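Here's the structure we're looking at; comments come further down.
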Amino acid sequence: MASSFTRILSSKRNVGILSLVGGSVAAGFLLHREHVTAGEPLRRRYPASAEYPDLRKHNNCMASNLTPAIYAKLCDKATPNGYTIDQAIQTGVDNPGHPFIKTVGLVAGDEESYEVFADLLDPVIKERHNGYDPRVMKHPTDLNATKIQSGVFDERYVLSSRVRTGRSIRGLSLPPACTRAERREVERVVVDALSGLKGDLAGKYYSLTLMTEQEQQQLIDDHFLFDKPVSPLLTCAGMARDWPDARGIWHNNEKTFLIWINEEDHTRVISMEKGGNMKRVFERFCRGLKEVERLIQERGWEFMWNERLGYILTCPSNLGTGLRAGVHVKLPRLSKDPRFSKILDNLRLQKRGTGGVDTAAVGGVFDISNLDRLGQSEVQLVQTVIDGVNYLIECEKRLEKGQDIKVPAPLKQFK
Amino acid sequence: MSDNIERISESMAKLSMKWLSAEDEYPDLSKHNNHMAKVLTLPMYKKLRERVTPNGFTIEGVIQTGVDNPGHPFIMTVGCVAGDEETYEVFKELLDPVIEDRHGGYKPTDKHKTDLNPDNLKGGDDLDPKYVLSSRVRTGRSIRGFCLPPHCSRGERRAVEKLSVEALAALSGDLKGKYYALKNMTEAEQQQLIDDHFLFDKPVSPLLLASGMARDWPDARGIWHNDNKTFLVWVNEEDHLRVISMQKGGKMKEVFTRFCTGLTKIETLFRDRGHAFMWNEHLGYVLTCPSNLGTGLRAGVHVKLPNMSKHAKFEEILTKLRLQKRGTGGVDTAAVGGVFDISNADRLGFSEVDLVQMVVDGVKLLVEMEKRLEKGQPIDNLIPAQK
């Protein structure tokens, strides 16, 4: 009996075809940088219906959109790196979610995941990003900080300002799927580029495996150090493998520009400072990002980006700009007003505690940031935060004086 | 290793190799202390990363848990797992020395004896119940042809569950029982299983999580036990099946007899349905963790040894008897009220009867020592030679 397997990879970039005939191997395949783990087709002895996950108790975007039909269509496909739908959805299968919080429930293992598994990812993106349809819409990228209006907050209320995003290096797999060598290559490429930053951006890299006790303590005191992820949402996706190999923190000497390497994404880029000068924070953010991009391009690399989805990151929730611009702001009175949530909603803002996502607010101080990531540009989102926070401060001031406040009209999305 | 398997595995591995070299991929094991880290050199890694089992399991799958869990300065963990039966062949160069190190010098050419005839056990029905509170024997079994928990797909895991539940449903007499699927059990059933100390939870140990065994929890996991609550089977926890025979008191022979009878019956029921357990002459019963090869057997008692445990030579005596101690919560727990879990330290290279005999004889001796110490008498002339 001739056992023959053909594996056709649906990927726009590279197509590899493997065939095994009989007991001996006559393997015909195209040699590319990325190969495929051909083990999968031999193993699949069960129909898609036997493999389909039990999602009846689940409440996440993946579970809402992964029908048996879509699963059947995707379960025999793989990206050129060998990443499969089972791997992409593992985190969502393992973490059913919470009745009130809707998590995404899937990740990308590489850039091609967004293409090969588009039948699932497009509806998930649409749901998560409030109707943004990647099949027909285009995402605007705009890192021109000069367009920002006002952007310096009242420092009696705003304690600190921060903008973060992520960037992925094209050609290397993302944290859920990368091998140790790929992860180390990401580290090498980025650290090499960062060493070319000058002036107020000049800085130093601290590798998690090599840092001294002293350096570690300093990074903790500066609130820069990140730990091995404990959230099962992240660990089930395989992002914490080989910890702490090839992970590290880079920051400039002034401690206002910080980059995390190989945590949840290839890089997370953060610009921050005490006080309310969001405009300056964003200006440094844009300048730093553009400079890093230039430096990696000089070395023959580029960021993962496309017109449809903007900047490509591990979690579909961070597509587009991947940008979260936020402040720590004192709103003791407003936060107790029953209209607070509605006001935030209409301003397209979200609140978090001062420890970040999943923490509580302390002393009436909230972390307020943009809700949206995709479908609006960086400039638009930061302006939304600036306008929104100014409005919140106005409300707080009015409540201080015993005056009433108004719930603003909801902002239009996808300007 | 069959020609067919070798050729398929080598060529498939070539296809999975990326453009980055073995040196780039080799894990940093400089801070590690587990069996895998002691054995996996760069030249070995280079060789093994070019292979893959017919089910697509690679060296990365084998070692991931050991890379992610550097270990403990005092406890030597194994640091590698099998994704299927073929793992032990395809990655021999790594697993043979790990097995040799872990199992007291067991060589790649050694043969393992299986003996599940309880008549061969001498004594074992008269451990003093004033000291021995409970007796228990456990092992694991894997169903040939299905991938093991680190690597199985949902479809495979469900097939293992289905086969197991069907086979167990055919048990009769004092072995007749019922299956409780983790995802379907009622609150009342769950509480009862907890009260009986039968319920197992989703693993929390990073050693297990890092190997991928907890994927898709609680899908296709469950607990079967007989109506008498003396024979219990875990389905799809750390292995396909974990089989446990237990009862209060010190009648280890009774426990072991039920264990052997039950296992043999289950094996027959599987064979009737066209399935065999993973077993071979060299490694005995094949399980996920190399530490459980051979018999996969842990026979133990909960025994009161408040005086003995404070004796300076307690550890030494246990080692001589080829026994180990644990707290009453199982591995990695503390002893409470001087009650210890005492069991065989070995798994491979001794038969089931051999190991239970060691426990029976060893515990008998420990209880005698405890009684002497109670009366303030010395125990030096009771201390045995190394077994």
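Cβ atoms here come from the backbone N, Cα and C positions, even for glycine.
Record features (TrEMBL):
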type: BINDING; residues: A:160-164, A:His223, A:Arg268, A:324-328, A:352-357; note: ATP binding site
type: DOMAIN; residues: A:43-130; note: domain 'Phosphagen kinase N-terminal'
type: DOMAIN; residues: A:157-399; note: domain 'Phosphagen kinase C-terminal'
>> Can you break down the domain 'Phosphagen kinase N-terminal' (A:43-130) into helix, strand and coil residue counts using DSSP?
In response: 42 helix, 2 strand, 44 coil
> Hey, what's the Cβ neighbour count for A:Ser160 (ATP binding site) at 10 Å?
Replying inline: 19
> What average pLDDT does the predicted model assign to the domain 'Phosphagen kinase C-terminal' (A:157-399)?
Replying inline: 95
>> Going by a 10 angstroms cut-off between Cβ atoms, which of the binding-site residues A:Val163, A:Arg268, A:Gly326, A:Arg352 has the sparsest surroundings?
In response: A:Arg352
